[in-house]
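Here is the structure we will look at, set down as structure tokens.
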Amino acid sequence: MSIDTLLYTSLAVGAVYLASVALYELYWSPLAHIPGPKLAACTRLYEFFYDVVCGGQYTFKIADLHKQYGPIIRISPREIHIHDPNYYETLYATNSPRNKDPWFTAHFGVDESAFSTLDYRLHRSRRAMIAPFFAKARMDGAQPLIKANLAKLIRHLDAHASSQSVLKVEVAYNSFTGDVITGYTSYRSFEYLETTDMVPIWSETVRNLVESGMLSRHLPGFFPLLAWAGSRCIAAVYPKLLPVIAFRMKCAQEVNFMWTNSEEGKKEAIQSGCSEPALFPELVSRASSAPDITEERLLHEFITIVAAGTETTAHTMTVCTFHIAHNQSILDKLREELDNRFHSNADMDLQTLEQLPYLTGIIYEGLRLSYGLSHRLQRISPIDPLKYKDIAIPPNTPVGMSSALMHHDESIFPQSHEFIPERWTDPNDRRRLNKYMVSFSKGSRQCIGMNLAFAELYLGIATLFRRYDMKLHDTTLDDVQLHGDKMLPRAKNGSKGVRVTLRRAQSVG
């Protein structure tokens, strides 16, 4: 057989194969009855184009597709997306089994964490080990740690106020939340607030970690190849990966220290003044009687919890900061509420702050416009078929919904792109709207650190805006609005972030 004949035969076989795949997906697949673009039904390249080539634009394309095809659409050969706010609690159910999609979780390199656990039964047991450490009842005990880190943050902000230098708030807030989550779960914080510059690279590390996972699911051999080629190749081809590698190494060192120095951990607990055991030292102490607790498992949990507990809360604080600094009326109402309740910042306590309606409105509106994960979160019903209206969805089909679409549904949140704390201040309105506010997701896989995040937000926003007047510096709404979805929300290309100058407020601080 000649080379030409072999080539033509190969092309013909390839064409027949691709045509067969397309025909199957369009006409015989169990999902063929779901409306949506034909190309998306045939190949993941449709998603690849919008998410990788266009830079995190598939969420916006999905929103357009819903306008064209309706509330349920097929967005890939094996995935469904639904946009119907009233269906959210059905999909993200508390008492129905829900698996995760490996397409979403498998490329972060933390397979043994509760976050990445696919099977609902194994997830239940893994989550049960962790959840008590983040219970609402434990948040009173977290206040001293949060306030201590706020005091460190304030020293940095006072220096900026004195020098009138420009502060990039994402850097400050990520250092604050990073030190809180590491101190809370392991007694040993990363101490970013102890440095002179608050480690600017840290504010991008978690974003790079998540973004690289999103890219690697489309190009599964790309990052292993880079790792094999070495750091010089990584620096030349994808430098965003370097701080991610450094972060994983730092996490591995911390977990190894806890794993091999359990007695030292007890001493640090006493020195830190903690009245209750921290998550990771406590899990280490149980390892001898729990064979499923391994150093590798703890590393995966540590990476996940630190990453999740840093960027999302810091981003919510950043969104709140922009809108408070941008709107004097919001700042005045917040200050009045705080001044009427507290004589000084030292008097503030979490339980009282949670009762303040306007502060609560600011925090909920900040959560709504920061989205948590802006990307869709797929759930799989492993046993029973799901049903959306009269459309049956076969078992083991990934089905996703998106906070970025939920939070901008005008039928639920009129003027959804506006920052309006008043929409949350009435308790009845808050109860009604909270059903549709999904920054922490809902159901059996809801964000485990939600209570700690709320504690940081209440204490952080109240303390900082009672103490400082912040003036935006070369910052616009485009620097906080959602322009790209790379798992985490991204501002416009070229954004320098939210930057402010500060001065001490005239009121009590």
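Note that Cβ sites are derived from N, Cα and C of the backbone, with glycine treated the same way.
In Swiss-Prot this protein carries:
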BINDING   C447  heme binding site
CARBOHYD  N327  N-linked glycosylation site
CARBOHYD  N493  N-linked glycosylation site
TRANSMEM  7-29  transmembrane segment
- Give me the Cα-Cα distance between N493 (N-linked glycosylation site) and N327 (N-linked glycosylation site), rounded to a whole Å. 24
- Task: Report, in whole Å, the straight Cα-to-Cα distance of C447 (heme binding site) from N327 (N-linked glycosylation site).
- Result: 31
- Report the same-chain neighbours of the residue listed as 'heme binding site': residues 6+ apart in sequence with Cβ closer than 8 Å to its Cβ, ordered by sequence. A308, G372, F440, S441, A453
- Task: Could you find out if DSSP has N493 (N-linked glycosylation site) as helix, strand or coil?
- Result: coil
- Judged by the number of other CB atoms within 10 angstroms, which among N327, N493 is the least packed of the glycosylation sites? N493
